[in-house]
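A.B. asks: According to TrEMBL, the active site, proton donor annotation covers Y130. Taken from TrEMBL, the feature active site, proton acceptor covers K201. The annotation (S)-malate binding site is assigned in TrEMBL to R183, N438, N482. Annotation comment: TrEMBL describes E273, D274, D297 as divalent metal cation binding site. According to TrEMBL, the domain 'Malic enzyme NAD-binding' annotation covers 298-551.
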Amino acid sequence: MKNCGDLVDNKSAIVGGVGDMYSEDSATLDQPITPWTISVASGYSLMRDPRYNKGLAFTEKERDAHYLRGLLPPVVLSQELQEKKMMNLIRQYEVPLHRYIAMVGLQETNERLFYRLLIDNVEELLPVVYTPTVGEACQKYGSIFKHSQGLYISLKEKGKILETLKNWPERTVQVIVVTDGERILGLGDLGCQGMGIPVGKLALYTALGGVRPSLCLPITIDVGTNNEKLLNDEFYIGLRQKRATGKEYDELLQEFMYAVKQNYGEKVLIQFEDFANHNAFELLARYSSSHLVFNDDIQGTAAVVLAGLLSALRLLGGTLADHTFLFLGAGEAGTGIADLIALEISEQNGKPIEENRKNIWLVDSKGLIVSSRKESLQDFKKPWAHEHEPITGLINAVKAIKPTVLIGTSGVGKQFTKEIVEDMASFNKTPLIMALSNPTSQAECTAEEAYTWSEGRAIFASGSPFDPFEYEGKTFVPGQANNAYIFPGFGLGVIMAGSIRVHNGMLLAASKALASQVAEEHYEKGMIYPPLTNIRKISANIAAKVAAKAYELGLASHLPQPEDLVESAEKCMYSPVYRSYL
């Protein structure tokens, strides 16, 4: 068996270059396997294992061979018919949270059917298993909790985190998504109930990026919560105490980071999710030189937004350096995007990044970030403090700066008012408006508002999905700057190459790879992102470019480099097709 960076059998379902304990992934799809390492007396346990359960799709021979006779009704259904049945059932639920619960239930009982549904119906089900529905799921996680889907590491585990990691049944893990629940989407501190985010993200790593589920580990670090509503909720599943901070917090995170590295090795990708600003930047800065770390809120968001901007240049004209950017929001997402834009402009024009920051402006809760405020600013905001008179209010900043691109990362809904959008349209033939805050209720404006108030001239993209909108006979398809375009393919590329660190060049490569997937037919509809229906192809192309950059930078450890990285990525991807257990 060759690793994921090598060419493998075209029918193989492997990913990540690690054979599992059941030898399932060393078999081709048409090759029978035995789903146990020990003899069993009954197939009842087989049906209770979500990785191997096929429900009514077990064949007559399998039922005889694995002691399933009589434990199932006599009918044998194909996976295709099971998929049709499940989709019919899910569509009967009118409440999105009920659809979410149904999908989680399927994931906990029949893993392959879950991923088959998600892959084949990605545009319909992505908003169900992830944003916006996952936000409500996290808010109500204690009430809907049935089975644990990851590891919970709390202050109670301090001093024994390595021991706790060993309780996870998989010995080999290549991607960890971890949160402390302090800043879940635009919903604030949800404490331990933020586990819905790592679980959802890793489902997308498999469905969209092809990383095998057994290689993925969702983790929530519980240091308490400052959410009084949760602390008083009888169904809350986390520690009932205020958040630990300072030395106590830092020591727990340090123990966690080094325990992960000790238990899973140098090349496990640790993806930080929904940490509050003050911790997110600090953790990324502290561990990026010693661990393979990636912050999706800072780097993933930046990469997907940069891809949209590069794509939009086909409609706007000029280069990035020719445009003026104004951000509402100067936290993780806003400053992360701004940094990557400036870096890409420097790559294009060869000028220092400090000079290329001058056309990028940020507005926070106190107004435009300017040099006279520098002493009171947090460190990550200081590079964006330009010479200008103080300005309060977004509308005043728009009038003064006259941006060509307006980007919202504030986490506060309805901030792009009619007056602001009309102003953007008054001094731009084609204003680019990106309302990126999640979930939908927190979007700075809706697609309908952007198109109507700009008289159909705006290019619009958002963080959460909006339906197509017709204005004066023309149908516009809003773009969704969804991080799901980036992180699954990015992670697969890191795994393929065996990269030991994440480099900004790899983020730029991912952005350019995504932008290159937008075709002329998409531009005609006002789209600046490709359809999600092609997401596995998109992810394979992103993975190939990220892996190529890792090899170029000398960060790859899987040698030699495959001749065709796209083909290698596609062959690495996990397949949800049922296997034969004979």
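Yeah, the Cβs are placed from backbone N, Cα and C, and that goes for glycine too.
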A.B. asks: Distance check, please: Cα of N482 ((S)-malate binding site) against Cα of K201 (active site, proton acceptor), rounded to an integer number of angstrom.
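C.D. replies: Answer for this pair: 12 Å between alpha carbons.
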A.B. asks: When you average the Cβ positions of E273, D274, D297 for the divalent metal cation site, which other residues in that chain have a Cβ within 8 Å of that mean position?
C.D. replies: T179, R183, I184, I197, F272, F275, A280, N295, D296, E332
A.B. asks: Among the binding-site residues N438, N482, point out the residue whose Cβ has the most other Cβ atoms within 10 Å, with all shown protein chains included in the count.
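C.D. replies: Checking each of N438, N482, the winner is N482.
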A.B. asks: Based on Cα distances to the residue listed as 'active site, proton donor', point out the closest of the recorded positions R183, K201, E273.
C.D. replies: K201
A.B. asks: Limited to the domain 'Malic enzyme NAD-binding' (298-551), I'd like the whole-number average of pLDDT.
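C.D. replies: Looking only at the domain 'Malic enzyme NAD-binding' (298-551), pLDDT averages out to 96.
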A.B. asks: Rounded to the nearest Å, what's the C-alpha distance separating N438 ((S)-malate binding site) and D297 (divalent metal cation binding site)? Just drop the number here, would you?
C.D. replies: 12
A.B. asks: Just to confirm: which same-chain residues, 6+ apart in sequence, have a Cβ under 8 Å from the Cβ of the residue listed as 'active site, proton acceptor'?
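C.D. replies: Counting only residues 6 or more apart in sequence, the Cβ neighbours of the residue listed as 'active site, proton acceptor' under 8 Å are Y130, V177, P218, Q271, E273, D296, F487.
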A.B. asks: Under 8 Å Cβ to Cβ from D297 (divalent metal cation binding site), same chain, six or more residues apart: give me those in sequence order, or none if nothing qualifies.
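C.D. replies: Within the chain, D297 (divalent metal cation binding site) has Cβ neighbours under 8 Å at R183, F272, E273, D274, F275, A280, E332, A333, G336.
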